Amino acid sequence: MMEELAKVPWAVIAPLIIVQIILMIVALIDLRKIHATNGPKILWVFIIIFANLLGSIAYFIVGRKQS
Amino acid sequence: MRGFNVLLQKEFREAWRSWKFLWIPLVFALLGMSDPLTNYYMMDILNAVGNVPEGFEMLMPELMPLDLIQASIGQFQTIGLLVMMASFVGAISKERANGMATLLYARPISFAAYFLSKFVVMSTICFVSILAGFAASVYYTSILYGTLDIGALLVSFSTYYIWLLFVIAVTLMMSASFKTVIATTCAFTVIFVGQIIDMIIGIFWTISPWKLASYGIAKFRGTIEMSDYWWSLVITLALTIICIGIGIVMMKRNASMIKI
């Protein structure tokens with residue numbers, strides 16, 4: 001198991017994972033704070049968590065209702 | 001320029017609270033990562049999903065580090081610009097529509113200061129974004145392909161930034177002139193249709209703002225004339241300033257479009 005983990009090229013993958021996690025957390029925090037979204041809130045929670053990268057980006061572009 | 005500092009603070013705070021300073025740079029970083037990665041692992045990707053027949057052989061092009069930076073700039077040109085313009089195009093027209101402008105326009109602010117404060121904040125966001133995008137692209141390129149010349153990077157970075165300033169100026173001008181929907185259409189038309197036209201019949205001229213994005217790298221390869229590069233740069237800057245001027249005038253004229 002550990003050898004398998006060591007074989008993964010972390011220098012290549014780590015930044016991608018970090019960016020992905022930051023985007024997801026920020027989107028979720030914002031979703032928690034915001035008053036209303038375009039479409040039901042629970043839907044956006046699922047989109048952000050499961051459609052990983054594109055989900056959070058889509059939330060920031062079309063999900064936030066600015067008022 | 002009354003109240004420029006106050007308005008600047010307001011805009012910064014608004015951009016910060018809507019997380020624009022965080023997510024747009026992250027999107028650009030992702031775009032910057034994607035090209036070096038997919039090119040490097042192209043063979044593996046094809047083997048995994050491509051249904052490659054037995055004994056199939058393909059000659060991959062030998063990519064230089066500079067090619068990958070150019071590919072990343074190509075990514076910024078399509079998806080990056082789309083994201084950036086979509087999030088900025090409502091800056092003025094949406095404020096008019098939802099009544100926030102009523103609170104501001106009733107005060108003795110100068111329209112020039114208001115417009116410029118928006119422009120400054122947006123160009124700051126753009127700067128951070130392409131910094132993140134270039135950093136990600138350079139990181140992967142140097143890991144997977146080899147080191148880059150720092151001079152070429154600086155030149156292509158600053159050239160691309162000037163092109164982005166032009167894009168922001170056009171977007172804001174449209175936002176000041178029309179309602180959000182029309183502004184979106186017009187801004188996208190100017191930027192993207194301009195690019196397409198430049199791609200199709202662009203060989204007949206060598207000086208245009210739409211060519212600037214690819215000139216940063218081309219200048220370093222020596223495939224273009226220096227005078228073309230400088231003239232494109234000067235014309236782009238001039239157009240940016242003209243767009244800002246028109247935007248301020250239109251903002252003043254459309255102040256009556258406010259909904260209360």
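These residue numbers are counts, starting from 1, taken along the chain as shown.
Yeah, the Cβs are placed from backbone N, Cα and C, and that goes for glycine too.
The following features are taken from TrEMBL:
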{"type": "TRANSMEM", "residues": "B:21-42", "note": "transmembrane segment"}
{"type": "TRANSMEM", "residues": "B:68-92", "note": "transmembrane segment"}
{"type": "TRANSMEM", "residues": "B:113-140", "note": "transmembrane segment"}
{"type": "TRANSMEM", "residues": "B:152-174", "note": "transmembrane segment"}
{"type": "TRANSMEM", "residues": "B:181-205", "note": "transmembrane segment"}
{"type": "TRANSMEM", "residues": "B:229-251", "note": "transmembrane segment"}
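The stretch from B:21-42, B:68-92, B:181-205, B:229-251 with the most CB pairs below 8 A to the transmembrane segment (B:113-140) is B:21-42. Non-local neighbours of the transmembrane segment (B:181-205) in the same chain are 77, 81, 85-86, 89-90, 93, 167, 170-171, 174-175, 211; each lies 6+ residues outside the stretch with a CB under 8 Å from one of its CB atoms. Distant neighbours of the transmembrane segment (B:152-174): 66, 69, 73, 76, 81, 84-85, 88-89, 91-92, 115, 118-119, 122-123, 126-127, 130-131, 134, 138, 182-184, 186-187, 190-191, 209, 212-213, 215-217, 219-220, 233, 236-237, 239-241, 243-244, 246-247, 250; these residues of the same chain sit at least 6 beyond its ends, with a Cβ under 8 Å from one of its Cβ atoms.
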